[in-house]
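Positions annotated as domain 'Major facilitator superfamily (MFS) profile' by TrEMBL: 38-443. The transmembrane segment annotation in TrEMBL covers 36-56, 76-96, 103-120, 126-147, 168-187, 199-223, 259-278, 298-318, 330-346, 352-370, 421-438.
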Amino acid sequence: VSMVQKEPTGAPGLAAAGATAAATATVEVRLSRRRWAVVLLFSSYSLCNAFQWIQYSSINNIFAHFYEVNAFAIDWLSMSYMLTYIPLLFPVAWLLDKRGLRLIALVGSALNALGAWVKLGSLKPHLFPVTVLGQVICSLAQVFILGMPSRIASVWFGSHEVSTACSIAVFGNQLGIAVGFLVPPVLVPNVKDVEKLAYHISIMFFMTAGVATALFILVVIVFKEKPLHPPSRAQALIRSRPTEDYCYRRSILQLLRNTNFLLLMVTYGLNTGCFYALSTLLSRMVIRHYPGEEVNAGRIGLTIVLSGMVGALISGIWLDRTKTYKQTTLAVYVMSLVGMVVYTFTLSLGHLWVVFVTAGVLGFFMTGYLPLGFEFAAELTYPESEGTSSGLLNVSAQIFGIAFTISQGQIMDRFGTKEGNLFLCSFLFLGTIMTAFIKADLRRQEANLDNEQT
């Protein structure tokens with residue numbers, strides 16, 4: 001049993017009078033057994049949503065043939081996820097702060113299932129608008145998913161495991177992208193007969209809808225708002241703060257005045273935007289150099305994401321052990337840049353195995369960076385809501401993702417894939433320089449340490 005007796009000096013935003021009075025009260029800190037079920041369930045429906053994001057782009061040419069539209073129209077099915085997120089972040093982040101985790105989980109998993117069922121009504125070539133509607137509903141679900149990993153980790157997990165938990169929550173989304181690269185090329189072969197194509201697409205859509213519905217039912221049964229006892233001293237301090245002390249608008253203004261967080265927001269957007277563009281355009285890139293290799297294009301995407309998931313887990317465990325947020329973030333950023341440069345100059349060599357290796361190295365660092373960004377933001381902005389800080393990071397990522405996907409696609413069409421990839425390399429270089437200027441102001445760690453000493 002741990003007692004919370006003192007407000008941390010490095011946590012601006014707590015109202016002095018209310019927090020001091022509440023913090024002097026004794027608060028029991030205890031871990032809940034349910035925490036692993038909560039994070040794994042979230043990870044699972046996040047996986048299903050991410051699969052639906054990339055399922056069109058991983059077989060871009062097949063869907064373009066089926067719906068009789070161009071490749072850019074199929075790219076927009078992925079970019080709809082990015083576009084929807086930007087205006088809806090603030091209302092959803094406000095809901096997360098006002099109504100809590102359970103409501104956000106219910107709405108996110110329900111919309112994910114609804115979108116999957118709507119897509120089943122688009123199994124004829126002239127019904128492209130219906131599949132767009134289904135994808136837009138799934139993109140709405142994503143707004144209720146992307147900002148939650150660091151919030152779930154903080155609310156449910158202890159200070160010694162919070163980064164690992166955040167990595168597991170992000171892990172599901174990345175696994176969904178991996179499955180989205182692997183499964184569609186296998187389930188939907190490149191056949192010219194439209195009737196056969198509709199049959200194969202229907203199998204994929206039915207499976208997705210079934211899984212999404214089962215996960216929604218599990219969320220209704222299993223997902224709780226928060227554990228009975230706070231899992232860490234930092235959480236105990238936040239719970240002790242009177243409700244009237246919290247103002248959502250003031251919280252956002254606090255974040256936007258935080259120079260270190262603003263730098264992180266831009267650098268996170270640059271890195272993750274490059275990843276979104278690379279994922280969306282990967283199939284087009286590979287098929288341009290290796291015609292007829294749709295299945296291997298999907299496997300290369302799978303390799304990027306699987307190696308990235310390993311990177312994400314390792315970085316989460318490393319952060320929990322060392323707390324070296326700034327050094328780890330900078331090192332991973334530098335290696336993402338190196339991986340992107342190597343991938344750019346080896347894609348056209350004519351050896352698929354080389355592309356697999358370089359893509360794996362790139363994915364290990366570029367995807368491994370995602371939970372690092374969330375956790376570093378939570379440290380820099382404590383005691384502000386993790387949902388708001390990670391939401392702002394994601395808005396930055398979506399804006400850069402749309403810009404990079406459109407720009408790189410145009411550059412590839414006019415000049416070639418190497419020039420398109422060099423375009424991404426230049427922005428990763430800029431992000432590396434900016435990351436070096438972020439100061440490691442670890443407020444959440446200071447809160448935990450202050451209270452341990454007390």
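Heads up, the Cβ atoms here are built off N, Cα and C, so glycines get one too.
Contact between the transmembrane segment (36-56) and the transmembrane segment (259-278) is not supported, since fewer than 3 Cβ pairs fall under 8 Å when only residues 6 or more apart in sequence are counted. Note on the transmembrane segment (126-147): residues 42, 45-46, 49, 52-53, 56, 67-69, 73, 77, 80-81, 83-85, 88-89, 92-93, 96, 104-105, 107-112, 114-119, 173, 387-388, 390-391, 394 of its chain, located 6 or more positions outside it, place their CB under 8 angstroms from a CB of the stretch. The list of residues near the transmembrane segment (421-438) in space but at least 6 beyond its ends in sequence, with Cβ under 8 angstroms from a Cβ of it, reads 260, 263-264, 266-267, 270-271, 273-274, 277-278, 285, 326, 329-330, 333-334, 336-337, 340-341, 343-344, 347, 376, 380, 400, 404, 407-408, 411. Proximity of distant same-chain residues to the transmembrane segment (168-187), defined by a Cβ-Cβ separation under 8 Å and at least 6 residues beyond the stretch ends, is recorded for 39-40, 42-56, 58-59, 145-146, 148-150, 152-153, 200, 203-204, 207, 279, 282, 294-295, 297-302, 304-306, 308-309, 312-313, 316, 367, 370-371, 374.
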